[in-house]
């Protein structure tokens, strides 16, 4: 082992970096990565973040107010929870309102490929929020999580649009009452 | 010059043949570091830590004890389950429910005279660096990537250039069915577990929509019960994957769904397998991998032969028994941008009286940083974030506070990111002037 240690010291001399580092109060890889993701976030005009505890950046809320498409005028919010394993695990994202959407179920679970099966550590928070934004512009009937809504969309687009409006104003669709999300 | 004599240790007969190997140089022995006469005593004084007392752990403890290691510690938080008994051979039926670490330690101690095994029935995360510092070699037989990453990051962070004892080789074994691997990590010198992380492909996940709407396989029905039905009905406050009552509930839900979609194959044990993410373990694969890990430990401890993982050499042995037998030993390289070993904190001289604004300005002119719009955090506190806007507003008042007022401490690390340099993030350890 002494041999490895002397090799180690030679290597260190070669690098000559002076990387000393303390033994306490370290910044972990997950925290640093989330910090990087957040500082590169581009939210545009339709989205904003809310940090209930600014010191805990692993947990926040994303507000989306689509300015076009069928969900225009609505206000939707999603809780984001990142684990200490991020980015090796995708963020956990839940919609806080009960909404009528083919890819979001009544409990707020979101069917977005990059939040589950297609997540990769090279993806970042920007990719996720763009994905969420896209769900409101182009609800996808072929990947349903709310089967009834998906069938409505597939069967008759205009009827689906009317249902979206009704649900967004706090009405009910086929016996299910939705949260009011209009401002 | 090394001698070719055999130096007997305390129990000459038991160790006679081991001594022929460990105290005599072989054709590849590096004679600069090999000292046959000191080997037995060195090993008597050496402390080895085994992490995990399961399939690999039982093998490792037995092998290390029989290879002449005298002082072994073992950590495992788990208790013995009846399903472990087919391969975790240090346990008997009467041990079910007891702590693995304790039973395994007592068993090996009783069989191998002169060895001391200290059990720790807890999580590895419950110990600090002072604990890990007492060992000279650490061997892992874990089933979780998360635990590997934790011990890896801990050992890399521990390395202190001025203290040889802070440098502890890590030997990691892993198996899955007929496949396995052994690797040796010399923290900060060779590729670490984080550098190699992309070699572990996580299990393919099924899209949530498939589970929710068009199940085709029994696993889809079980995932539906686990991820959707449970949340909706909450039959118990919190899912305990080890509680048979909870698994039975999931099994019955999955079975009903499978019948609805006409899918055969949902059973209780399959339900348990999917929910607990059980990977089939094969006793002999564990034996092969544990044997290779133990031999590397023996070679590192004695220098009697070159070991896996010397700098610039092969550090990873892959074994596959899926298609006949295949083994391949190769070198994985250190990643320059590895978040654990490639990005060690640099010292930053600061003054406690500085305001945060002054610190941030210092980062801009620091030759090794030269940042434009730095955002700064400690592990626990967001000091200042340039964006997103809400967070910027919340942290702006910190700009005029001094480092003292912000509670920063000597040696504390700060993480610094800057969107102008998207591929880098910095860590600095604060040094007060």
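Every residue, even glycine, has its Cβ placed from backbone N, Cα and C.
Among the features that TrEMBL reports, region 'Disordered' is placed at A:1-26.
Feature annotation from TrEMBL assigns domain 'UBC core' to A:29-173. Across the domain 'UBC core' (A:29-173), the model assigns an average pLDDT of 93.
According to its DSSP assignment, residue A:111 (active site, glycyl thioester intermediate) is coil. Summarising the annotation, TrEMBL assigns active site, glycyl thioester intermediate to A:111.
Under 8 Å, Cβ to Cβ, and six or more positions away along its own chain, residue A:111 (active site, glycyl thioester intermediate) finds A:103, A:104, A:105, A:143, A:144, A:145.
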